[in-house]
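Undergrad: A single structure is presented below for examination.
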């Protein structure tokens, strides 16, 4: 994958290696990491994955074009197998190590990992996640430490498609006509992404699919084929030696703005925004590879280029560390509370693994042999038993043998994930029930005990249990109130209680929703549903936010009464979220804080939460509905 360096001859230059592109790769890696650890600060950081794909297309095309100019055969099959090998064996090593560590320290995260491992090793993880309905943007329902390996599948599949196209057409078409063909194909892929995306729904099909992501790789190829013409045109237009730097500065500035404002659920991201981002990346690359580019020369800084060149293990490492120590860190400590230390650990571990596996910092008989040495099991075992073999190599051999045994045991015994599948099914059923409840309003006919009891009987058994502690008088009073509830999967959890207690209300909720995404969701929701005069905002379980982001969201509810419900989730951002909600409520006359977090801390029972320690069980739904519901009723007497 082009997290790895590709050594090719770029346009207009005979150098085999462009260190500034490795530095760009490092910046892309940082943006991806920041997207997860600091989502509210860089909500569009996920777009940086496209930089990897564009660089791949650019560099692979450069290599093939040079072979074409020199009259050599393309050798596409051998090239593909070489790239596959460079990705496969480090991936195997990493997965073995990860499985062993999970078995020892986080066995609960092994749930359902077997098909994820096999699909990752087959480089079809992206299609596997599409098939099971998994989401890159909703980590709480089905946490997987290998979710990020979807990209390896997209990269390798894109490479395979491109090799097929190049081998079939390149010698038959002129460079110009071949480029035009790639442009048409790229536009078709971008249009297909727009077609697959449905506003208000999870975008994972459009995001994971190779068919809808191919345009990024193709744009990299087009950049190489048309690069001289594009830069030449800009030179003729400005006729200045600093033209490349001007282009680089302008495109870098716009790219930063796009990563700040294009979110993973934004309509504009999938309706051309990602394509615009990629085109700007192309211009930036073409600018910094020019000899006269000062920015390009600056980006050749060796330490940065070195780290960017070793990015593969950094990429493999970042998501597991994020999941274990941030997204699903149920116990907080100095490390989980310091995300920048986790980012530093990602790079340190990634570089150490690269030194061990790719550079052979040490050799281990059979497992990590000197480069070029074939695998010989009998010879390897003899080497382990030999007195001439250093003691540390023997120790490493038996240590890694133990790690391999633990990994195989973990893979064989990993639970199939019935609980995970059940929770996903329940979430889908709840969303469908919410949609139906938003359309149909079942209310109490009068305040007579007979009508109230009739209403109770019309509820499901679960709903009857949830509102069983509400007296007829209070239930009737609640029946006359209407709210719009805005929230995430926790709001979906408690939707049965909401619709039973406040049937005149409506619910706008989405799994994984964060404050910075909620504005677009509520805008889409309001097109088909009325926003009530009283709004309940229950967000913060999925990550923090800035005061600017929460206030921008609340501006949509001008003139309405707003209730902010704080969060109970035991995650590093809990205190920051709850403090921000408290400060917002104190600074706005239209806001009221409902301290669910404080009530939870003082009264929580062991059966309030499901096995993931985040979502509500039936008892938790009842507790939340009782506390939050009574607070809303009391404030609206």
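Note that Cβ sites are derived from N, Cα and C of the backbone, with glycine treated the same way.
A TrEMBL annotation is a machine prediction, not a hand-curated record.
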Undergrad: Pick from 420-447, 448-475, 476-503: which range does TrEMBL record as coiled coil?
TA: 420-447
Undergrad: From the ranges 84-105, 106-127, 370-391, 524-545, pick the one that TrEMBL records as transmembrane segment.
TA: 84-105
Undergrad: Should the transmembrane segment (178-195) and the transmembrane segment (395-414) be scored as in contact, given a threshold of at least 3 Cβ pairs under 8 Å and pairs 6 or more apart?
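TA: Contact criterion not met.
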Undergrad: Which of 84-105, 246-262, 268-289, 340-357 shares the most C-beta pairs under 8 angstroms with the transmembrane segment (395-414)?
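TA: Answer is 84-105, with the largest number of Cβ pairs below 8 Å.
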Undergrad: Go through 84-105, 149-166, 246-262, 268-289 and flag the stretch with the largest number of C-beta pairs under 8 Å relative to the transmembrane segment (340-357).
TA: 84-105
Undergrad: For the transmembrane segment (149-166), which stretch among 84-105, 246-262, 268-289 has the most Cβ pairs under 8 A?
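TA: Answer, by Cβ pair count: 84-105.
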Undergrad: By Cβ distance under 8 Å, which residues at least 6 away from the ends of the transmembrane segment (84-105) in the same chain are close to it?
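TA: Answer is 1, 4, 113, 117, 120-121, 123, 145-146, 149, 152, 156, 312-313, 316-317, 320, 353, 357-358, 403-404, 406-407, 409-411.
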